[in-house]
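Handing you this structure, nothing more for now.
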Amino acid sequence: MNRRIYFQCLLLVLPLALLPAATWGKTVVRGKAGAIVELPCQSSQKRNSVFNWKHANQVKILGNQGSSSSSFWLKGNSPLSNRVESKKNMWDQGSFPLVIKDLRMDDSGTYICEVGDKKMEVELLVFRLTANPNTRLLHGQSLTLTLEGPSVGSPSVQWKSPENKIIETGPTCSMPKLRLQDSGTWSCHLSFQDQNKLELDIKIIVLGFPKASATVYKKEGEQVEFSFPLNFEDESLSGELMWQVDGASSAQSWVSFSLEDRKVSVQKILPDLKIQMSKGLPLSLTLPQALHRYAGSGNLSLTLDKGKLHQQVSLVMLKVTQVKNKLTCEVLGPIDPKMKLSLKLEDQEAKVSTQKMVQVLDPKAGTWQCLLSSGDQVLLESKADVLATGLSHQQPTLLAGALGGTAGLVLFAGLCIYCCVKCRHRRHQAQRMSQIKKLLSEKKTCQCPHRLQKTYNLL
């Protein structure tokens, strides 16, 4: 009876013995496209072991040959032959890994490691991230990131931005309008049912202006500089600054230029506009003097192969005028609605307005101060001196009359003095002539030469 049972068991085990090798099971390895992955293969035999790595279709990838001291690997006819190797220093430890470099999506599949009469299956799953339309985009453009790879295991997916914020979950991540803060490394975190995890990343570069807009506050006569720094330097582009003066119905082109190899070439400048442009980066424009007719806003547009970039720029100025009995402080150029305009006499209460103009009727004499402020910060300041209000209406007429009267008196006094001096001189001369004639008639004149000469001079 025991022999019969033994014989039946032998018949059951015999087919297994006829198999070419025993299968250890399947190991799953996950990798990232472009990276390096190591497929494991372990054996209890540590020396003089012969191993071979094959595809599922039995095409040889790599194996060893020779004794333990002089063993070397041989590559087969696999498409991976130029991207695979093994770690020879680990063979004596019973480890025969297959190292695959520069992973590709089509490397996913089943790999078989045969050591002696045993074999091990390794399932390689390759994943990658793709960016549409590109990894280098302009500020304001849209971006879609997609996870590609085998659907085996259905991992849970989580996306994180360069700011380490969780954006979305799922195989895709969409950003309809990119910000400059979105420039950097985006990561995709995969969690599998076997508790293993995989992290993939992709670098996104967002090109643009670090500042969305720029406002310059200047007093009349000061130099104005518009600066347009960029977060890139290696792009060729063309640009134009369109400017709309405050109160104008349309904008006009102030300057057009091109940038190539980090050098700026000016194409055209508005006639009679004294403006200078930098010859390199960062882009900048300079007005020698701020004039009221320049106050307004503009749009700098840059045209690149990938699209267009825009930046708003403004020039804000203050204008203080006095017409008859009215003192006016006015803002020229665009301002934030939260800004305040104030007009005050020194040490007096200010008249404040959120509009672009503030006026004072019959202003008192003194120094008036016009301020444009945002919160506690003073952005612009202008001063005006006002004379006494009592003279404000009649001052020009009275001044002209006073000046005319004074001039008349001076002329009259001068004429009188001249006439008096002239008469006195003539009377004195007549008296002298009379005296000389009398002396001559009486023959009492001196005959000395010097006296004769004096007499002749008098005559």
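Any Cβ shown, glycine's included, is placed from N, Cα and C.
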Please work out, from what Swiss-Prot records, which of C41, C173 forms the disulfide with C113.
C41
When the Cα-Cα distance from C113 (disulfide bond) is computed for each of the recorded positions N299, C329, C370, which gives the smallest value?
N299
Cα-Cα separation of C370 (disulfide bond) and N299 (N-linked glycosylation site), in Å?
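Answer for this pair: 29 Å between alpha carbons.
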In the domain 'Ig-like C2-type 3' (319-374), how many residues does DSSP assign to helix, to strand and to coil?
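Reading the DSSP string over the domain 'Ig-like C2-type 3' (319-374) gives 0 helix, 35 strand, 21 coil.
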For the C-alpha pair, I'd like the distance in angstrom between N299 (N-linked glycosylation site) and C329 (disulfide bond), rounded off.
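Rounded to the nearest whole number, the Cα-Cα distance is 27 Å.
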